[in-house]
Amino acid sequence: MSPITLDLTSDFNPANTTGAGSSSSQPRTLLVAPPSVASHEERISALFSTYPRDTTDLHMLDRLAAGLVTLPTSTYDLILVLTDPDGSRHAEASALLSNRAVWSLLVPALKAGGKLRSEDGTLGRDTTTPEAREAVLAGLVAGADGFTKPDYAEEEAVPLRFGLKRKTNPNPVVAPIQPVAQVVTAAPAGVGFVTLDLNDDLDLDGEDDDDDVIDEDTLLTEADLRRPIQQPPECQPKPGKKRRACKDCTCGLAERLEAEDKARRDKADQALNTLKLKSEDLLELDLTVPGKTGSCGSCALGDAFRCAGCPYLGLPPFKVGEEVSILNNVPQL
């Protein structure tokens, strides 16, 4: 049985990213590969023969998905997903790229204007795949050869100067004003005044013709006049209540109720007038004349003929010529 050797070194080697042979002007490349690529050393050796080791980094997709790797920000010009040129590992890479945590690490590490593509060239062609949707949601733009990170210009604060503190010249030089000859043009006849005839439209002379006014009654036929008036449901009185007209009554109920109230008031006034007594209808009590009685017909005849509420109840009959006055409902003889 052959011995098993474990490689415990980190995949991210800082010496490779900041080596003596690297330069900030040289484009940097990040290779991301599915886990199955790690078992093929010849495959990795062939990749580093194409991409220089001093400007290229290699990471595994499963370690990116697990959050075990930290990538520098805005460093790589190209991120290449290894799937083999024949696409034999495309399904494995697509499954890992469907994880949003992978894109949250790859997109910040990509420079503005940098590209992210797959080795077989199929990544980004179909924008309906799960990995394409995650790339677009992360901020990349799909293209024919993969995805591109937009180059957004950095925000800059620009001060606004409104010219409030402008320096003024204490002795400004004023250019002489050249006199301009005034050109006088004669107005043509009929121009320059307006004559208004207000009598044509406003009819201020008081003569108003009703030629354009249509009488509404002429629009009704005999059948319309004989037709009974349809009472609206809202005008119908509720049980136990008096029928009342609406505020904007148009069915004639308000006029009819007003006429009924007026007739009722006239009848009540007529009945009230019949109960009023005139001066000649009043009977004056004159005790100086023998045989005269009060309005009740028995006040001067004695106690037996006085009313129940008479203040002189219990007193003897009045004498002829006797003056009688009442003060506070008390007889004063």
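Indices start at 1 and increase along the chain as displayed.
Placement of Cβ uses the backbone N, Cα and C atoms for every residue, glycine included.
The [2Fe-2S] cluster binding site feature in Swiss-Prot is assigned to Cys235, Cys246, Cys249, Cys251. Marked as compositional bias 'Polar residues' by Swiss-Prot: 7-28. Feature annotation from Swiss-Prot assigns region 'Disordered' to 1-29. Swiss-Prot lists 23-158 with the feature region 'N-terminal SAM-like domain', giving sequence analysis as the kind of evidence. Annotation comment: Swiss-Prot describes 296-310 as region 'Fe-S binding site B'.
Averaged over the region 'Fe-S binding site B' (296-310), the predicted model has a pLDDT of 67.
Note: the region 'N-terminal SAM-like domain' (23-158) comprises 49 helix, 31 strand, 56 coil (DSSP; helix = H, G, I, strand = E, B).
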